[in-house]
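A.B. asks: Could you have a look at this structure, given as C-alpha cells, before my questions?
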Amino acid sequence: MAYSRRGGDAQPQERLFRLVQEGRLRPLQEELERTEPSCSWQVKTACPRRGGDTLLHSAARHGHRDILAYLAEAWELDIEAPNRDYKRPLHEAASQGHRDCVLYLLKRGATVDCLKKGDWTPLMMACTRKNLEVIQVLVEHGANPLLKNKDGWNSFHIASREGDPEILHYLLTVSPAVWKTESKIRRTPLHTAAMHGCLEAVKLLLERCQYEPDSRDQCGVTPFMDAIQCGHIDIAQLLLVIHEACFTAKDILGAQALHKAAVTGQDKAIQFLVASLGVGVDERVTSTQYTALHHAAEEGHTSTVKTLLSLGAELEAKDGRNRSAAQLGVKAMDGRRLGRARSSTGQESKGPWRRGQ
C-alpha cells in the first residue's frame with residue numbers, strides 16, 4: 001500500500017502515530033512492511049500536527065521500548081531528532097519515568113545532557129517526577145546534576161519542588177555541592193520546598209545543607225514567608241526551631257509574613273503568628289502602610305477579615321493614602337463586579353496578565 005504526500009486514505013502518518021501510541025508493534029510492522037521506499041518519509045519525518053514529534057518521540061513518551069528499538073534499528077530513525085520544543089526522545093522517556101526506554105536510548109548513544117527549549121536536560125525532566133531509578137540511570141551514564149536551565153534551576157532545585165527525600169539524598173550523595181544553588185531571582189531549594197509544603201524535604205535540607213537563616217530571594221522573601229503564605233505551619237515551625245528563622249523579617253517592600261498570609265487568606269497561619277508568636281496584628285508594610293486587614297479586605301477574603309478582627313485588628317487604621325480597610329474592600333468589590341460585567345458582555349482586558357511565582 002503506497003502513501004502519498006498529498007494524503008490518501010485517513011492520513012497514513014496519523015495512523016502510524018496511533019499504532020505507536022497504543023503500543024501495537026505487530027500491526028505497526030505490518031503497516032510499515034507495505035510501505036514503498038519512496039514513501040518512507042511518512043516514517044522518518046516529524047508530524048506537524050504533533051508539535052514536530054517523530055514516531056520515536058511517541059514511543060519514548062508512552063514507554064514502548066520494543067517499538068522504540070524497532071524504529072531505531074529497522075528504520076534507522078534518528079534518536080537525536082528534536083521536536084519543536086527541541087525535546088529529544090530521551091527527554092520524553094525521562095520525563096515520563098520510562099526506565100527501560102531511557103536505558104535503551106543511552107545504550108544507543110543518545111546524548112545524556114541534551115537540551116530542550118528552556119535549557120532543560122533529561123535529568124531535570126526526570127526530577128519533575130518521583131522516579132529515583134530513572135534519575136540513577138541518567139547520572140550513572142554521565143548526566144550532570146549541576147547544570148542549570150534558563151531560570152537558573154539545577155536538577156536538585158527541581159527535585160526540591162517534588163520533595164522526595166530519597167531523590168534529594170541521592171543527588172547530594174553523587175554531587176555534594178549540588179545544594180549550593182539559587183535561581184536567577186535568587187530563590188533556593190529551601191524556598192521552593194517550603195513553598196510547596198514538602199516537610200520531609202525541608203527536614204533533609206536543614207540537616208544536610210548549610211543554607212543561611214532567612215536567605216532572601218530577589219524580592220526579599222524568606223523560606224519562612226513562603227511557608228506561611230502557603231499555609232504550611234508545620235514547616236514554618238520547623239524553620240523557627242531548627243533554622244532560627246525570624247518571623248518578623250521584611251521583604252523589599254517592608255511586608256512581613258503576616259501580610260503575606262493576609263494576601264493569600266491563610267487564617268490559621270495568621271492565628272499562629274499573632275496568637276502563638278506574638279506578632280502585632282496591626283504591623284504595617286513599610287512602603288504602603290497597609291495592615292494585614294487592608295490586604296485581606298483588598299483581596300476579598302471575608303473569613304480572613306473576621307479572623308483579624310477577632311485578634312484585635314484596628315478597623316479604622318489608615319494606610320499611607322489615608323484609606324481604611326473598609327474603603328479598600330469596597331473598591332475591590334466594585335472592581336470585581338466590573339470585571340464580571342465585562343466578562344458577561346464579552347469584553348476582555350487588553351492589558352498583560354501577570355502571574356505570581
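Glycine is no exception: its Cβ is also placed from the backbone N, Cα and C atoms.
TrEMBL annotations: computationally assigned, not manually curated.
Below, the features straight out of TrEMBL:
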type	residues	note
REGION	320-357	region 'Disordered'
REPEAT	85-117	repeat 'ANK'
REPEAT	118-150	repeat 'ANK'
REPEAT	185-208	repeat 'ANK'
REPEAT	288-320	repeat 'ANK'
A.B. asks: Using a Cβ cut-off under 8 Å, which residues of the same chain at least 6 positions beyond either end of the repeat 'ANK' (118-150) come close to it?
C.D. replies: 88, 90-91, 93-99, 102-103, 106, 112, 156, 158-159, 161-162, 164, 166-167, 170-171, 174-175, 177-178, 181
A.B. asks: For the repeat 'ANK' (185-208), what's the model's average pLDDT?
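C.D. replies: Taking every residue in the repeat 'ANK' (185-208) and averaging pLDDT yields 98.
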A.B. asks: Mind checking which residues reach the repeat 'ANK' (288-320)? Cβ under 8 Å, same chain, six or more beyond either end.
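C.D. replies: The answer is 253-255, 258-259, 261-263, 265-267, 270-271, 274-275, 281-282, 326, 328-329, 331-333, 336.
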